[in-house]
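Novice: What TrEMBL records for this protein is below:
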type: DOMAIN; residues: B:17-238; note: domain 'MacB-like periplasmic core'
type: TRANSMEM; residues: B:270-295; note: transmembrane segment
type: DOMAIN; residues: B:273-394; note: domain 'ABC3 transporter permease C-terminal'
type: TRANSMEM; residues: B:318-347; note: transmembrane segment
type: TRANSMEM; residues: B:367-384; note: transmembrane segment
type: TRANSMEM; residues: B:414-433; note: transmembrane segment
type: TRANSMEM; residues: B:439-472; note: transmembrane segment
type: TRANSMEM; residues: B:493-514; note: transmembrane segment
type: DOMAIN; residues: B:494-690; note: domain 'MacB-like periplasmic core'
type: TRANSMEM; residues: B:719-745; note: transmembrane segment
type: DOMAIN; residues: B:724-839; note: domain 'ABC3 transporter permease C-terminal'
type: TRANSMEM; residues: B:770-793; note: transmembrane segment
type: TRANSMEM; residues: B:813-832; note: transmembrane segment
Amino acid sequence: MTTDLAQERRDTTAPPKTAARVTDLVKTYGSGDTAVTALKGVSLDIAAGEFTAIMGPSGSGKSTLMHCAAGLDSVTRGSVQLGAIELTTLKEKDLTKVRRDHIGFVFQSFNLIPTLNAEENILLPLSIAGRKPDRAWYDHVIATVGLGDRLGHRPGELSGGQQQRVACARALVSRPEIIFADEPTGNLDSTSGAEVLGFLRRSVDDFGQTIVMVTHDPGAASWTDRVVFLADGRIVTELREPTPERILETMKSLDAKHVDAKVQG
Amino acid sequence: MLRASWKSLMARKLRLFMSAFAIILGVAFVAGSFVFTDTLGRSFDSIMNSSVGDVVVRPVAGDVDIESQPSSATLPGSLVKELADVPGAARADGNITNFGTFVVGKDGKLIGGFGPPGIGINFTDGPAAKGLEPLTLNAGRWPTAGGEVVVDEKTAEKAGYLIGEKVNLVSSGAEPRIQAKLVGIAHMDGGTAGASLSIFDTGEARRLFMDGNDTYTDIWVSAADGTSQAELRDAVAAKLPKDVEAVTGDAAAKAAASDIQEALGFITTFLLIFAGVALVVGSFLIVNTFSILVAQRSRELALFRALGSTRRQVARSVLFEASVIGLIGSIIGLGLGVVIAMGIRVLFGQFGLDLSGQSLIISPRTIVVSLVVGLVVTLVAAYLPARKAGKVPPVAAMRDDAILAESGMRGRTIVGTILTALGAGLLAAGLFADVPSPTYWVGGGILGVVLGMALISPIVGRPVIAAIGWLYRKTFGAVGLMAQQNAQRNPRRTGATASALMIGVTLVSMMAVFGASAKASIDKAVEKEFVADYVVSSAVGTPFSTEVTEELAAVPGVDEVAAFRWDQVKVKGEDRQVTGIDPSHIGVLGPTPMVEGRLADLTTTTVSVAEELATTDKLSVGSTIDLTRGGTTKPFTVGAIHGDSALLSSDYLLSLPALESLGGAKTDSYAFITRESGAAAAQVGRDLDKALADLPVVTVKDQGEFADEQRAQINQMLYLIYALLGLAVIIAILGIINTLALSVIERTKEIGLLRAVGLSRRQLKRMLRLESIVIALLGAALGIGLGVAFGVALQRSLADDGIDVLAVPWPQLGLFVALAGLVGIIAAWWPGWRASKLDILRAVTTE
């Protein structure tokens, strides 16, 4: 059953090998003397059906990269392609539609609508778009998230972990090409965090979902297939099949290099 | 601490302006009404001072109201000479005054309008009190012979006459049409407040107004040097016959000015009522704004508490903000009030009350009252939020969530219900029970119900919101659902915001029901009880010459003409309405239900008494009662007892000769005319119009036109009230804008999320618009409910006074609902625009 659905999903979305492609991305805040360049020419391919983590020290530009890739922020230069769509030239209105129809979001602070119950929150992107949920898919997502009995509750009545799982379900239910998760476990204890990460992992394995996650937690990043490291607005290295230890090592060496570079420069 | 509040005040300028706006409007009405009333008073003081002699000798008038007909009692010419010889008197002059002489302009239109009188007087060179010259000549000379006239400058200008030209006048005297040569233009210091003055030679005035007799309406006695007004009055009084009195000029001027001010006092009352409405609505807005501000700032306030501020200091800092707003609002309001007073002056100038001769008076009292009212209302409204601010626990500064828990609804429900019930009781007592000054009961009752309803509106409004919400979900899906739930999120806030609109809608609906009922009652009365085919009435509000009535009887095709006079008599010291009727044409006045006797049988010594009065005074046919008019008292035998009809509802009905025997003037208020059967309606109407063509002082209307005119008067009143209540609606719109804008700020993060997951700007705006409409429709629903209830109560209470048909104008009320929806749409525009401009990223990452 699970594999069927996953299979079906892969077939219907007929994935290009690359779900998203960022090319020579430059992002500068402010202008003149006060200008700060957060991204200094980043190029990155996100493979479809893969779970990618973006890591880096504070100020490395990892959040900016995600915001730009997700169409939440404008870019100064370069290109962002989502499937066949070039985001950087889109008008606000079309960008909104792209976010609605092709992208899913999971934020650090759960960001649910407090007046809507769990089910209404999950269905929100679909109802905004005026689309009917695919019932089988919906049931399947709900079953995977494990919220069956809490659907009528409002966010205020759910635990942090439950809220974040609602947020994940909301991101999944519209079958977006790609889900962006911004520190999804940042506000959770380790047990709840593991639940959420497990759920994200399963949706990649079982449904072929593409997920990009920004995190600074090596433990969280170790659930992914690929970790991309950013430092000072550039991609410096990446790991495949990461483990917490390898991630930590890489981060340490990055910090050292970073400091060296600064000292020498 | 104060420095901190000042900074937070400056950081929220726009929002505070919106709260201050309500105060500005309320104070403006208070200030405007005071400025206008003072100006009016000063204006009439100066007019009256030059309209009296040192001592005024006049027939004892009793207390003739300025609205009723002037007394026809006169003073003999011989008295003038006698009084001139009184010790201490320098001279005495006899005056003839007629309050129904109007100049007809070159275009055939009457100069002056409904209200200010057209005064015809004789010329004397006698001085007014304290040697003042009452009138001076701008040009030409005073009249010296028959066929000459002098008019005041404003009238001459408006009418377009030049010296030497023939002037047309109409008069309620023996000659309805007068033509005279204009020989001079007169000037009166301080202006005439819109009245027109026509000055004739004494002999001519006698012929026109006194039936040619050597009599006067009053006499001015001027004091010799060194004699005071009071001394002269005492000396004069000793010489006077019975029923003639002497009053000092000061007393006479003061009494006359205060009479007029009293008569125009309704303007002040009217304006103050609207000031009150604006302030009540405004205080809702202030309560709401401060509550929201306190809720949003609770963390900051908690920080102050954690840093050692006492509760009182925190509360005081909020009150300080309020007092700054109150003060600024009051000062702006005061300025706007002066503008409003100017506006009213212009408006009244349109209706003929010309006060342009008097500059506006801004007395210290006006300033003090305006500032105090504005400040006190703001502080009272801000008190509860301020107290709440003081209660923020210091620990709230350290916590994320928080902070001000909504206290329960129970206390609120109980207080609100009690207030509503109490208000309803007061209202019922004021309308239906016999209580002293019922207006205050009614006003207090309405206020109580409105405030009570405002308190319980979060509960009462639930079904309304639920119904709208259901519709929203069906129509707009998720956006509709969120809009409804946002409106329900903070029921008090929604309730208070809706209540501000509710007040305006309540009053408007009440007046709409009342107006529709009044119009329906008129239609019914005209249809059922109106027998006459035509009504002749005055175009200026003063009665017209009986000559007119006689002339109309001669128009071909006219069957009967019934003269009709309003007047007032005193019975046992109380003012009573009396109608003078022509017993021989009584049928024209419609069917009058009689308890006893027949109106056609009234003679010069009999009177018909209203049924109700006959019961309370225990009168029956054959009883005798004394009627007093002016200084004359005469016994009458009760000849009939009448029930109520549309036209004949006065306490007493007298035949015309009987009324004249009491000193009633020979002038008619109305004439009712029937057509000969077989006469062509159109032809008779044209002939009547032709007969009256050169008498613009009266108009003739057929049944339909008469009913239309009555309806038009009601409409005019309604439109004026609607226009003023429109201001209350504007305040309410600001309230909705304010609440929504503050909510948008509160929900920044949520809005960011919605935008991130694909809510378009249009959908976001729609969501806010729908929320705004919920609030507006809630206000409208509550307001229409209350307003219809009030309107029905008002109609029921006036059922005996002629408003006996209840009509609820549903289409109009439906229009109000639609307008409320529009109000919601307008109010959501700015907050929606702001929300749609929110930076998604910042909104999502805001902590």
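Numbers here mean position along the shown chain, with the first residue as 1.
In case you wondered, yes, glycine gets a Cβ from its N, Cα and C as well.
Just so you know, TrEMBL annotations never went through curation; they're auto-generated.
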Novice: Between the domain 'ABC3 transporter permease C-terminal' (B:273-394) and the stretches B:17-238, B:494-690, B:724-839, work out which stretch tops the count of Cβ pairs under 8 Å.
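Specialist: It is B:17-238 that shares the most Cβ pairs under 8 Å with the domain 'ABC3 transporter permease C-terminal' (B:273-394).
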Novice: When you look at the transmembrane segment (B:813-832) alongside the transmembrane segment (B:439-472), do they share 3+ Cβ pairs under 8 Å, ignoring any pair fewer than 6 residues apart in sequence?
Specialist: no
Novice: Please count the residues of the domain 'ABC3 transporter permease C-terminal' (B:273-394) that DSSP assigns to helix (H, G, I), strand (E, B) and coil.
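Specialist: Secondary-structure composition of the domain 'ABC3 transporter permease C-terminal' (B:273-394): 101 helix, 0 strand, 21 coil.
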Novice: Considering every residue in the domain 'MacB-like periplasmic core' (B:494-690), what is the mean pLDDT value?
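Specialist: Over the domain 'MacB-like periplasmic core' (B:494-690), the predicted model scores a mean pLDDT of 87.
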Novice: With DSSP helix as H/G/I and strand as E/B, how many residues of the domain 'ABC3 transporter permease C-terminal' (B:724-839) fall in helix, strand and coil?
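Specialist: When I sort the residues of the domain 'ABC3 transporter permease C-terminal' (B:724-839) into the three classes, I find 99 helix, 0 strand, 17 coil.
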